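What Swiss-Prot says about this protein:
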- 12-207: domain 'B30.2/SPRY' (DOMAIN)
- Lys53: N6-acetyllysine (MOD_RES)
- Lys130: N6-acetyllysine (MOD_RES)
- Lys139: N6-succinyllysine (MOD_RES)
Amino acid sequence: MALPFARCWNLYRWGTKRWGVTAGESRRGISFKLEEKTAHSSLALFRGDTGVKYGLVGLEPTKVALNLERFRDWAVVLADTTVTSGRHYWEVTVKRSQQFRIGVADVDMSRDSCVGADDRSWVFSYAQRKWHSMLANEKAPIKGIGQPEKVGLLLDYEAKKLSLVDVNRISVIHTLQTDFRGPVAPAFALWDGELLTHSGLEVPKGL
């Protein structure tokens, strides 16, 4: 159920590390941790807030109390750093989850929505052993990838593109055309297992 303040997006405030990463600051790309204030109660962070694992609601809930930044209805968490320009690359170890979404989202997207279900988030989803790109709850299949141990994400803010990357071949698997209107943050959703993020990486040569 939505709370009375559910639409007060302009009141959002991030943690102490929350800032915009600009092109001049991104030689090594975005460096981030996961922001526990945004994490749904079914999610728990680990390994210095770089990993997230799924648990039944009430079994291993986040220790953060309900607040304006927290996702209320879906198992979503955002990173603690935003991007406003430049090209950025990070990787996600996905081998321990069978159902997840990874991508980016506007920092002020509705906390009653799930990433990929609205037009303010852009993600790649994995479920039932199949990959899809997602925007506004519309799915497009991505074939020939399987479930690798790790995948990369390449964000080009000015070109408004988000790409899924094969980390072994260092090649783009699929690209989403986006419509960024403001700061975006890496975004993650999962319904089993765990995801581990790897940031502060240089954009690989050839991408």
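Including glycine, each Cβ sits where the backbone N, Cα and C put it.
Sequence features annotated in Swiss-Prot and their locations in the structure.
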residue	record	DSSP (3 states)
Lys53	N6-acetyllysine	strand
Lys130	N6-acetyllysine	strand
Lys139	N6-succinyllysine	strand
Lys53 (N6-acetyllysine) and Lys139 (N6-succinyllysine), distance between Cα atoms, whole Å: 24
Residue pair Lys130 (N6-acetyllysine), Lys53 (N6-acetyllysine) - Cα distance, angstrom, rounded: 21
For Lys139 (N6-succinyllysine), the number of other Cβ atoms found within 10 Å of its own Cβ: 14
Sparsest Cβ surroundings (other CB atoms within 10 Å) among the modified residues Lys53, Lys130: Lys130
